[in-house]
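Visitor: Okay, handing you the structure first.
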Amino acid sequence: MARMSTNSTTPLSHIRNFSIVAHIDHGKSTLADRLIQTTGGLAEREMSEQVLDNMDIERERGITIKAQTVRLHYQANNGEKYILNLIDTPGHVDFAYEVSRSLSACEGSLLVVDASQGVEAQTLANVYQAIDNNHELVTVLNKIDLPAAEPDRIKEQIEEVIGIDASEAVLISAKTGLGIPDVLEAIVNRLPAPKSPGGDKAPLKALLVDSWYDTYLGVMVLVRIIDGVLTKGQTIRMMGTDAKYQVERVGVLTPKMVNVDSLGPGEIGFITASIKEVADTRVGDTITEDKRPTAQALPGFKPAQPVVFCGLFPVDAADFEDLRAAMGKLRLNDASFSFEMESSAALGFGFRCGFLGLLHLEIIQERLEREFDLDLIATAPSVVYKMFMTDGSERELHNPADMPDVVKISEIHEPWIRATILTPDDYLGGILKLCQDRRGIQIELTYVGTRAMLTYDLPLNEVVFDFYDRLKSISKGYASFDYTLTDHREGNLVKMSILVNGEPVDALSMMVHRTAAEKRGRDMCEKLKELIPKHMFKIPIQAAIGGNVIARETISALRKDVTAKCYGGDATRKRKLLDKQKAGKKRMRQFGKVEIPQEAFIAALKMGDE
């Protein structure tokens with residue numbers, strides 16, 4: 001690790017803290033690479049594509065999951081030297097919490113918009129967050145080297161949709177490096193310097209922006225200093241948890257780790273302090289000095305609440321301990337992922353996990369399978385329902401299999417979301433029908449050029465299943481979608497159980513709206529009929545709500561030709577053999593176990609292929 005002694009007296013006027021706000025794929029990480037390269041943050045040979053996207057899965061999917069940070073040294077055209085702290089934020093809705101905490105550490109943002117595609121739904125969501133944080137915005141139009149780029153039309157669109165002046169937008173191509181110096185000048189000249197109400201003489205007050213686990217150094221904490229100075233050897237206190245630690249190392253990321261003596265007001269850097277788990281560091285917490293604490297903490301952050309739950313089970317029961325260890329390791333780096341043990345009659349031991357959303361679920365599952373070489377089955381995702389019981393108490397339901405007797409429940413409330421969908425108007429009809437089918441309530445429909453912007457209220461339960469995939473297929477991939485949780489509302493919800501040969505299969509039970517139950521039940525039964533192999537006896541597959549069966553399919557029995565050995569035409573002899581076979585099958589149906597293959601589970605849970 002390089003050693004760099006920096007005097008902590010960088011004047012506030014020469015520091016710029018900024019983040020880059022963009023929709024997935026609009027070139028945010030590539031722009032970050034170019035800024036690092038242009039300011040000499042890494043030598044040419046150390047540059048890799050998307051330097052800040054450390055996980056393989058981030059590079060492959062081309063998305064940023066964990067917020068990363070980098071400190072750049074830049075000599076401006078006016079001859080002055082500046083320190084630029086870039087916090088690279090994720091663009092996807094599931095990681096909105098990572099975005100919000102990154103934004104609160106900065107004073108300004110670069111709004112990156114693809115000059116050929118224009119404003120997308122997530123651009124909007126993140127821009128509004130930046131505006132809520134009182135950020136100064138510099139608009140950057142990327143990919144202007146593409147033949148399809150229309151900078152003038154997109155500038156108008158930005159002014160129309162977002163309502164900010166885009167006349168001075170910087171035109172760049174992050175891929176070729178065109179216009180990057182203009183971006184650096186705009187950061188210095190148009191974004192504000194950080195403010196420090198108390199200056200460097202005040203008691204230490206710092207915002208905990210992020211934390212991650214390093215195999216050699218333990219937990220590393222990313223901090224933004226508001227007041228005071230943070231130095232090595234200091235005893236610090238987390239104001240939220242009241243935990244005390246001694247600072248062992250102070251440094252900055254360039255993006256390599258570089259040790260420094262201290263961090264002063266306005267600066268962003270990292271510390272290590274023998275912290276055992278990432279869970280001990282609550283993001284958004286205020287760090288202060290133990291001996292001379294600051295009077296009041298920074299306005300509080302909420303811990304991330306899991307929104308979607310699903311069971312993860314190892315395909316091979318022997319992998320259970322490996323799965324537990326792997327989840328523990330992922331939890332070290334992702335405080336918003338939660339899990340607890342659960343057992344299922346059909347799938348054995350596994351974990352009930354909580355996620356921020358569907359992409360988060362997919363990424364955790366993919367990381368477990370890829371980085372830890374595990375084979376997993378995920379049960380149908382479900383959301384958190386609030387149950388108001390007849391005795392006046394209130395309970396949360398995370399797993400449909402745990403639902404108490406219906407008689408004890410007076411009403412069930414489900415979470416609703418406010419969704420914003422941007423789509424070319426050719427696909428509007430199909431999307432309106434999709435939202436209608438999913439019990440959506442239309443709030444607003446506006447046109448921006450040839451694109452429609454839809455605002456809908458939807459039950460989250462209808463979205464977690466396959467809404468996003470259906471939206472993409474209806475719009476040929478052109479529609480973009482973003483949502484925020486709004487509230488819980490009462491719903492006519494029922495628990496649908498799937499019975500195979502009269503036995504309920506807990507892993508397939510789900511909460512559905514009463515109006516959609518019959519169709520969902522029929523689809524599920526038909527799918528299982530195709531997937532479960534024939535046995536020596538008939539197998540009924542039923543979907544039931546309480547005691548009422550709402551759909552049924554029957555898998556016919558395999559037949560052995562017991563009359564093959566009868567040569568003569570004696571009918572009574574044949575009858576006797578057939579009756580004997582019938583009695584055997586009846587007995588078998590009572591005691592026979594139906595083996596449901598793993599593929600059947602996996603396919604039945606991917607009901608989105610309808």
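Any Cβ shown, glycine's included, is placed from N, Cα and C.
Checked Swiss-Prot, it gives:
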type	residues	note
DOMAIN	13-195	domain 'tr-type G'
BINDING	ASP25, HIS26, GLY27, LYS28, SER29, THR30, ASN142, LYS143, ILE144, ASP145	GTP binding site
Visitor: As a test of reading the model: what is the averaged pLDDT for the domain 'tr-type G' (13-195)?
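Guide: Mean pLDDT across the domain 'tr-type G' (13-195) comes out at 75.
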Visitor: For ASN142 (GTP binding site), what is the tally of other C-beta atoms lying within 10 angstroms of its C-beta?
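Guide: There are 29 of them.
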Visitor: Non-local Cβ contacts of GLY27 (GTP binding site) (under 8 Å, 6 or more apart, same chain)?
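Guide: Once residues fewer than 6 apart are set aside, GLY27 (GTP binding site) is near VAL112, ASP114, ASN142, LYS143, ALA174, LYS175.
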Visitor: Counting only other Cβ atoms and using a 10 Å cut-off, which of the binding-site residues SER29, ILE144 scores lowest?
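Guide: Among the binding-site residues SER29, ILE144, the sparsest Cβ neighbourhood within 10 Å belongs to ILE144.
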